[in-house]
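According to TrEMBL, the protein has these features:
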| type | residues | note |
| --- | --- | --- |
| SIGNAL | 1-17 | signal peptide |
| DOMAIN | 19-348 | domain 'Lipase' |
| ACT_SITE | Ser167 | active site, nucleophile |
| ACT_SITE | Asp190 | active site, charge relay system |
| BINDING | Asp206, Asp209 | Ca(2+) binding site |
| ACT_SITE | His276 | active site, charge relay system |
| DOMAIN | 370-445 | domain 'PLAT' |
Amino acid sequence: MAHMWILLCFLTGTSYAAEVCFDELGCFADLPPWGGTPQRPAAVLPWRPEEIGTRFLLFTPMNRYYQEIDTDQSVAISNYSGKRKTRFIIPGYLKNGDEDWPQEMCKVMLKWQNVNCIAVEWKKGVAAPYAQAANNARVVAARVASMITFLMVRTQTADKFHIIGHSIGAHAAGDVGSRIAGLARITGLDPIEPYFQDTDASVSLDTSDAAFVDVIHTDALPFNSKLGLGMTQSVGHIDFYPNGGELMPGCSANKGKPTDLDAFWEGTKKFDACNHVQAYKYYSESMIKSQGFLGFPCSDKDSFAAGKCFPCADNTCPLMGYNSDRFPMTDGISKTKYFLNTGSSTPFGRYSYKVMVTLEGPSWSNLGVMHVALAGAADSTQEHKLHVGAITPGKTYEKMIDAEVDVGEVTEVKFRWNNHIINILKPKYGASKVELQRGKDKKMYIKKVDTAMSCRPSATCSKTIGLVV
């Protein structure tokens, strides 16, 4: 495709400003808010489209491998259908060895949805110094907007398009929304902070970019002090903060100096972006097991961790990820943050319960460890530690449990305790009462129990009983 590149320079005070124009894509300047601001100190023009190398890789239910399309006859001879909804996936940070994750997400999506899924590739444009990549994303956004405009000629309307963007790609998705009015949805997967947080609305993703904007934050520690790549501030109609939004299970804290951002971005210096990339992994799984990503409304992560926001009130808990657009918002924009926990590896989804066990036994306390496990018609959980230390009869022990499987309706609770030390008195401890509350709907399971568990004198002695509830 031929492009005309025009460079215009004009004096502004003591510095020069510049602008480039590319055929139907329009013009791009390095003036504020795009450059020369406290948030975007470097004034950088984007590369030419040919240098960025944006590609559109189409996946549909009709083709197992992608078909490359563009704003030309390639669409007509592809399996693209204007009768299906269309989803674009725009990557940002590319983790070494996982550069093609948008294609894999399309494949997962098509197992469950009859859609056109287009993986946007711009590997050459993103593998640049960070400020350059941030500005190259503007041209990527213009290319996606041009493609959508081209596709809309084929009987589709803007409300049939959903754009999913990760990292810089989340803000590119927002840029597309500022160019195409009426997009159905934009999903921001850990929108990146440097050069985008606290900027003008035209620069970063915000709620004006689509009818519904949902955001997942997984690396939201401040960049300048903690090297968190993701934005801290809420920018969507609904914002999710899994695991508090800052440090994901299975990931370590980001290490390095903010001045090394270019080296991290280009891959010339080692950087573990585990927290940043978890956002798209959670989203992919949410297409398969949506109920494992229930978000609880809460003021902050500490209140959530303390169990103050459990359980869900009526219809107040949306599903993070693919099905978040099903959540009804009466005011149009949720002013509440949503929190949830995940696992450290796949499957990431968790199912929340509060378990309360009241003990019976001898009048004295005994050192030990208590565990509980849940079972239902669908599955059984692993054991979860309820308490470590002095076990006191008559006391109720409470624990929030994030179960790794969906057991369905709970039919059994298993309670087990272990002695820490040999006790010649052979104490018998048991659960006189078990109360279980399900997080998603406040449902209570209550059972009084008559039988205690006996334990022989051994440092690790234990028995297990099942409780029908």
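Cβ coordinates are placed from backbone N, Cα and C, and glycine is handled just like the others.
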Of Asp190, Asp206, Asp209, His276, which recorded positions are close to the residue listed as 'active site, nucleophile', meaning a Cα within 10 Å of its Cα?
Asp190, His276
Fewest Cβ neighbours within 10 Å, where candidates are the recorded positions Asp190, Asp206, Asp209:
Asp206
Across the domain 'PLAT' (370-445), what is the average pLDDT of the model, as a whole number?
85
Cβ neighbours within 10 Å, counted over all protein chains: which one of the active-site residues Ser167, His276 has the most?
Ser167
Go ahead and report the DSSP secondary structure tallies for the domain 'PLAT' (370-445): helix first, then strand, then coil.
0 helix, 47 strand, 29 coil
What's the CA-CA gap between Asp209 (Ca(2+) binding site) and His276 (active site, charge relay system) in angstrom, rounded?
23
